[in-house]
């Protein structure tokens, strides 16, 4: 007779085993109708799964925007599979998981799907969902599951069973009328919950993410609890498409990618201007916060990577080469090189903390299918730093890092930042005492600055706890950029020591610190955040001076030269075009300030100033405009509204 404890503390006793749906029905038909699944003792279960012992139960309903929505999306992936098998009986189904804001299904199909095909598939999904059929779950033996998929010719499902499921397990088979899929669940009890969805696009994806395997077709979709939420999301996707950094990068002549160098960025003059300004800004912050800048080698002997432990964990992601019977790896990260610099010369406790920063050129062999413009690349530059300190200095150094993180993000207009603190995992190095001290130091550093944070129990690295900083952009998308990671392992592995107060040899604590993460990725984020309307200090072109007739050509040239001598990225546009045409063209190029010179301006020694957003700032004396724009640049004002 299980006793079920509900979230409000009330209890209900049942004579026999009971399901989440049974409990919901005992409370009321309205709740039962809204019930998607349950959370029994913290574990998600299907609404039909039986509870045989005393347990706590949370009923997951359509009001649940996290678990409830994720379950709906997962069930929509199965609905997609159902529709696909009706329309393309020869398709072989691979996997159909949920992802952020949606779901996908990988399928093996000879014919290439088009956008028109997606519309046809979506229409079939809607027709099926409209019937609100029941989803039937059956727990079967491993052999029964394999026989079911073998009878249907589902070779990918058979491979999953063979390689990923124990023979002793009882897999869950979900029956969508004649269609069967396999999943650990939970899923919706019926299709009434899957009414507000759409298919987005189709892309290629290697089976199991391995380029040695067959290329499958991946169909992406999304789903929500109601029509309005779906419409709002699609509106955000439309806006995101307009802001796509690849599209704007081409429009503003910032960079390009090409097949001969997958995942490597070709920076054009305009894009490299943004990159360099970003470096200058970070260098100023490094000086302000007491860092020394270093530069480590791009490539080091395999022996060093083995000593650091990276070879065991990252070998597949490292580019390697050999010379004179020695094997080398191009660095995927900067930390081992920084320890080598620390190890040169005897260090005393008086030398600590030692803050070492580098714009490190790193390379990682990312799967080709994962590459995405400059957001996900193989060659990138990290604004990486490592702090060597004593245990007693941890809190002060972490506080200093956090201040630098927030100071930096504020300059770019990011003020919505989520912070997570990851604590000790079961498998770890270092004593409980140092973990206690370190975790408390990270908490105190955050709390001393009144920063709200979420604790992720057991999610820290084996070598130390960490803080993660996630930015939310204007579209509400999350970008994990900054990290502050303690490391009790690497300094010890690579022989880093310092002389303590009592003349003993001690191993320093190492703090890994990144703010932007990858400069390439961060520039991509900025392009999409600003929609290409960079603040004046970052804009590749900061001002353009235009004449109305040939009569003002010399005056325009004179102004352009003056601005350039004052450190302003300005150019003259003397083309024999109508002034309206020139203004439209430079507006599309997102040039912050457009200076127009006609006869009146030339005679008065002035310029008419307008912004790329169409605001008329009136007429300026040339020197006054120079002071105005120099202030915009020096103060790094956002001036996004202008």
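Just so you know, glycine gets a Cβ as well, placed from its N, Cα and C.
Residues 335, 512 are recorded by Swiss-Prot as Zn(2+) binders, and the candidate that the same record lists for that site, out of 363, 372, 386, is 386.
Residues 333, 334, 338, 384, 385, 485, 487, 490, 510, 511, 513 surround the recorded Zn(2+) site, their Cβ atoms falling within 8 Å of the Cβ centroid of 335, 386, 512, which are themselves excluded.
Cβ neighbour count for residue 512 (Zn(2+) binding site): 23 (other Cβ atoms within 10 Å of its Cβ, all protein chains included). Sequence-distant neighbours of residue 386 (Zn(2+) binding site) (same chain, 6+ apart, CB under 8 A from its CB) are 334, 335, 338, 339, 355, 356, 510, 511, 512, 513. Residue counts for the domain 'TGS' (1-61) by DSSP state, with H, G and I taken as helix and E and B as strand, are 14 helix, 27 strand, 20 coil.
When secondary structure is read from DSSP and collapsed to three states, residue 335 (Zn(2+) binding site) falls in the helix class.
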